[in-house]
Amino acid sequence: MPLGAQTPAAAPAFREGTHYRRLRQPAPVDAPAGRIEVLEFFAYTCIHCHHFVPVFKAWKRTVPADVVVRHVPVGFAPEFEPLQRLFYTLEAMGRLDSHHERVFQAIHGTQRQRLHNAETIAQWAASAGLDRARFTQTYNSFAVVSRVRRATQLQDAYQVEGTPALGIAGRFYIPGQAERTVQVANMLIARVRRG
């Protein structure tokens, strides 16, 4: 049985306004027609996001083929931008799968690294086996800066208040509630699928 799946008799009653909210205005969706987009809003500095990684990762392996899952690093303040850029740099370099969790480990693990500006992030990238010159060039690219801007627009459209949180199909926002978050997501995905 998929993570967070419930039998009909055991399915908890999730209520709008308590466990999720419907957006007043639809948020932009980048998924192809016929696909349901799920966005995970996170911050590398958020310990709750770090703890949510294994739950969300396990859940992602169970989603049906019509569900598109993407991570969106939040930018609640200007000091979030360097880590947003780190995320999109890893993505642009094709190293997100191998390094996403390593960033969380660097910040929250025994190293407790302060990755708070371009220099400390470039140092970390080099120590993590990435080519520093290529990393820095990508980090400073127009494409990465544009992706950061887009992430902040999505965060605003979903009215993200904290992390981790999920956005569903440009219509629903789920505040982070550990495993319950993916149960609510399953319910809302089924609702979107029904139309």
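Cβ from N, Cα, C; glycine included.
Automatic, uncurated: that is what TrEMBL annotation is.
The feature disulfide bond is assigned by TrEMBL to Cys46-Cys49. The domain 'Thioredoxin' annotation in TrEMBL covers 1-190.
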- request: Could you tell me which of these disulfide-bonded residues, Cys46, Cys49, has the fewest other Cβ atoms within 10 Å of its Cβ?
  value: Cys46
Message: Going by DSSP, is Cys49 (disulfide bond) sitting in a helix, a strand, or coil?
response: helix
